[in-house]
Amino acid sequence: MATIDGRPAQYGISLKQLRELMEHRGREGVMKIAENGGIHELCKKLYTSPNEGLSGSKADEEHRRETFGSNVIPPKPPKTFLTLVWEALQDVTLIILEVAALVSLGLSFYKPADEDAPVLQEEEEHHGWIEGLAILISVIVVVIVTAFNDYSKERQFRGLQNRIEGEHKFSVIRGGEVCQISVGDILVGDIAQVKYGDLLPADGCLIQSNDLKVDESSLTGESDHVKKGPDVDPMVLSGTHVMEGSGKMVVTAVGVNSQAGIIFTLLGAAVDEQEAEIKKMKKEAKRANKQKNLTGENDGRSQIKGSQAPSQRETVTSEITKSESEGNHLPQSSSSGAAETGHKKEKSVLQAKLTKLAIQIGYAGSTIAVLTVIILIIQFCIKTFVIDEKPWKNTYANNLVKHLIIGVTVLVVAVPEGLPLAVTLSLAYSVKKMMKDNNLVRHLDACETMGNATAICSDKTGTLTTNRMTVVQSYICEKLCKVLPTLSDIPQHVGNLITMGISVNSAYTSNIMAGHNPGDLPIQVGNKTECALLGFVQGLGVKYQSIRDEITEDKFTRVYTFNSVRKSMGTVIPRPNGGYRLYTKGASEIIMKKCAFIYGHEGTLEKFTREMQERLIREVIEPMACDGLRTISVAYRDFVPGKAAINEVHIDGEPNWDDEENIMTNLTCLCVVGIEDPVRPEVPDAIRKCQRAGITVRMVTGDNINTARSIASKCGILRPNDDFLILEGKEFNRRIRDSNGDIQQHLIDKVWPKLRVLARSSPTDKYTLVKGIIDSTVSENREVVAVTGDGTNDGPALKKADVGFAMGIAGTDVAKEASDIILTDDNFSSIVKAVMWGRNVYDSIAKFLQFQLTVNVVAVIVAFIGACAVQDSPLKAVQMLWVNLIMDTLASLALATEFPTPDLLLRKPYGRTKPLISRTMMKNILGQALYQLIIIFGLLFVGDVILDIESGRGQELNAGPTQHFTIIFNTFVMMTLFNEINARKIHGQRNVIEGLLTNPIFYTIWIFTMISQVLIIQYGKMAFSTKALTLDQWLWCVFFGIGTLVWGQLITSVPTRKLPKILSWGRGHPEEYTDGMNLGEERFDSIDSDKKPRAGQILWIRGLTRLQTQIRVVNAFRQGLDARYGDHTNTSLAEVLRKQTSLSKRLSETSSIEYADNIPDELTIPEIDVERLSSHSHTETAV
């Protein structure tokens, strides 16, 4: 028999049996495990130990992967480079340009036999084809550059996704040691430790649990938490959230064999099938549309278009709707789903403004492009057929094509195609750099939103403080110690109770480990408050681990886990002489109210009267809190079967442990400890920067109000002369609710502007505050709120906030999933860096706009006026494509990669309604455009005379290039290049050179562009319609280029405040656009919908649409599996779809790297989102 590490290679249970086992729930699951011999027998069949776990040998791990699979779901392959090239070729303007270039190319070889017109010169005839070919080559270059940018962005985002996936660890026992491993490395047979806040990465059966409750709403739609336990419901499934308690499970299914994998596989097949159906429907609709246009049968064909398409879609959606009405799902599941969808975050400020701006620019460009073509054609026709009275000749078609090419090229230059690229590059660059600043960005738009943040609601512990807690004061037996006592200073029986109570009544996952190097501070693992208490036990000279080894978790009778409502933790253990002992710990004021006894001087037991309680609070707890210490009390209670002492309770049988109110009463207080959590040294300066930047920082904490006030003062949140409010959760609720107990917005508006500290608050209070600030209309601009959170219950507040920050170290998986950015160091100062990067993104886009619009205005006006005045464009098609390349790709790369400076924090947030293009920027745009137009038109009309060169005006169609028009083109590029330096400053700064050398990307691209321009001018010839220039002519061009820098200084001197406000451009509220043009989510509506975007609108927003869909890639740690059911091997597609009713409840955004074009090529069913499932944190990204 084959063996692995000395044991049989054949397992006692097969993969199929394990899959069948995991299909059972509740009591049925208990029975099925019993049929397999019980949980310990199941572990034996999997060759694992409940206490030791897997051996950890490589051979064993590899064999398990081969037998049961890996904990990964195969990712959807990325788009190939050729696919991206094909998609880039779908751009409408490029298609028009390609067709026109091909026609031009064909006409250049066409020589009519009966032409009696003057024969063109041989050289001109010989080179007539070059322009058409050059345009084609330019289009190919643009397409390849676009495809390469898309390809590199996709790879970068996938890399980011993999980084986030790699960050997700889970605790397992291997070789008897608890270790953290990547979720992708979890194997069948692993013994995994389950704790509060975890997102379960695999299916398993519980070995042991403590008050374990799981949120399975993603599976059942049931909003209530499901109690789990070996004797109640032992089956725990991947993708569910641990909301309370802890436990230990043996992993029974991973990857594609888990319930997550099964559903993912089925849904993947379903969506692939629907995508094929949609493509077929679109083809039919197009054919019907053509038929309608040919026959004019509007009624019949519109029915095909309007009703046939949705009817097929409804075969799926009606099944879902039907199941919702007929199924056994709870009513609140659908309503809560609606509520969840209703809270979906609106489009970011920048997106809204860019959308509007792109459409406006596009319309303006289209108008001028069409006018240019019309004027050129009219002038040609009047001159040729009216004035010269010539008959039509076939060669004239070439002239018309040339005019069309000029018009389309004007359109290419006018359309801000580089805008989405600039946004993407800026965000991608920022995200990459923000990782070094301990900001792991999950949603790219959150980066930009932070630039507009006006309020930050921050936790205290770990964010403003170091989260390295130590006990520094204690009150034991009426003795207050400001230094740690020794065990000999405490009466023996009291000391034993304290050390036993702390060691047992702390999560066994909380431990103090030795430092990596001699002299290093001990490493605190797990809950930091518990680690402080365990450190206190060690300081007394007692080894807590020896107590835990004696009283293992499986000996616990009951565990009351800590939660935000209970604010305490209790553990019940059997007493050696019979009966039970309850140990509890928690916030001092909470525990004190439940205590009836206390150990007094020399360890004598005393009644704990109200007067004693008030004195203890006044003389011990409040002074500790005022010093910024967290106060924790430890107490106990005995339940004895025989004669009971004064502080014990007599029992005849086992007490009703579910009657928590009667169990947790008449406690005996053992001690009160003051735990110090020092303020991070860098936090006060970070908060000062926030306040200077116009951001209000509020502390929201569960701590005592005095502790919170002390820490807030040390941080600088509370300033001496400020008018501020400090409230406890109860008082906060009293102020914001009416007589019926309902929250009223007008009451919140009276509280939040002055509120700086909210103490003893619950996660619900935090959510209420965040929602109240966001919904408020008190401020001129809507407040943009950032929130930090680390607990499972912080999820709603993190989702509601404009930007949610989760703690990377102390945060639970649930909090991370709900967040937009993860703070990998849990440090508040990292939030300030996020604000800097957010404002830098905004500035980078503004710089690019300032540069691009200047080029747009000049190029379009030159082409238009040139067409009107000289019947030709001074800038040829290929030349404008080169300018477009400089303007779009190269400039966006150069200007989008500027590094943020501390000056960004010296001004207030931009605000939601402030225009994207300020009056200062518009002054620069129009001022520079005026200078460039004067120079270009001066060169056009009198340049040939001044420079003593042959005029380029009035040339024949295929005439060779002239130095005159070459100088105009070269001067325009020189002015554009030097103006790129001006564009680096958008707030009226005079020193445009400052920081230039700190951005190597900028000056490298600038030098590269300059060298390319020299080569094009000197050697471009017919391909670029250029003629080599002399040194003198080059100096004139460079002189005019440098003149933009001098002219920029003059523009800066013009006072901005005197300019009319109408010059600012690009105002916008996100609310104005979320319904009309949702770039991130396109739906397959009726093809003949009245609201179908026009082709023009589609063109302008296409780039932004692509950006938005790419942004979804960073959605890792998302809501993992959102549907999971029983045996699907023989389940029909309709039955699977019918079970998806709760999926939309969990989703707020899709997670897809697919590029959305004008009409989506795939069916997007809100209830079934394969991409969303694929972002489950225990799998590799299936994008």
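Here the Cβ of each residue, glycine as well, is placed from N, Cα and C on the backbone.
TrEMBL entries are annotated by machine, without manual review.
The following features are taken from TrEMBL:
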DOMAIN    33-109  domain 'Cation-transporting P-type ATPase N-terminal'
REGION    53-72  region 'Disordered'
COMPBIAS  58-67  compositional bias 'Basic and acidic residues'
REGION    282-344  region 'Disordered'
COMPBIAS  304-320  compositional bias 'Polar residues'
TRANSMEM  361-385  transmembrane segment
TRANSMEM  405-429  transmembrane segment
TRANSMEM  848-867  transmembrane segment
TRANSMEM  921-942  transmembrane segment
TRANSMEM  962-981  transmembrane segment
TRANSMEM  1001-1021  transmembrane segment
TRANSMEM  1033-1051  transmembrane segment
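Highest Cβ contact count with the transmembrane segment (405-429) among the listed stretches 361-385, 848-867, 962-981 falls to 361-385 (criterion: pairs under 8 Å).
According to DSSP, the secondary structure content of the domain 'Cation-transporting P-type ATPase N-terminal' (33-109) in residues is 46 helix, 3 strand, 28 coil. Among residues of the same chain six or more beyond the compositional bias 'Basic and acidic residues' (58-67), those with a C-beta under 8 A of the stretch's C-beta atoms are 4-5, 9, 11, 15, 47, 187-189. The listed stretches are 361-385, 962-981, 1033-1051; of these, 962-981 has the most Cβ pairs under 8 Å to the transmembrane segment (1001-1021). Per-residue pLDDT, averaged across the domain 'Cation-transporting P-type ATPase N-terminal' (33-109), gives 82.
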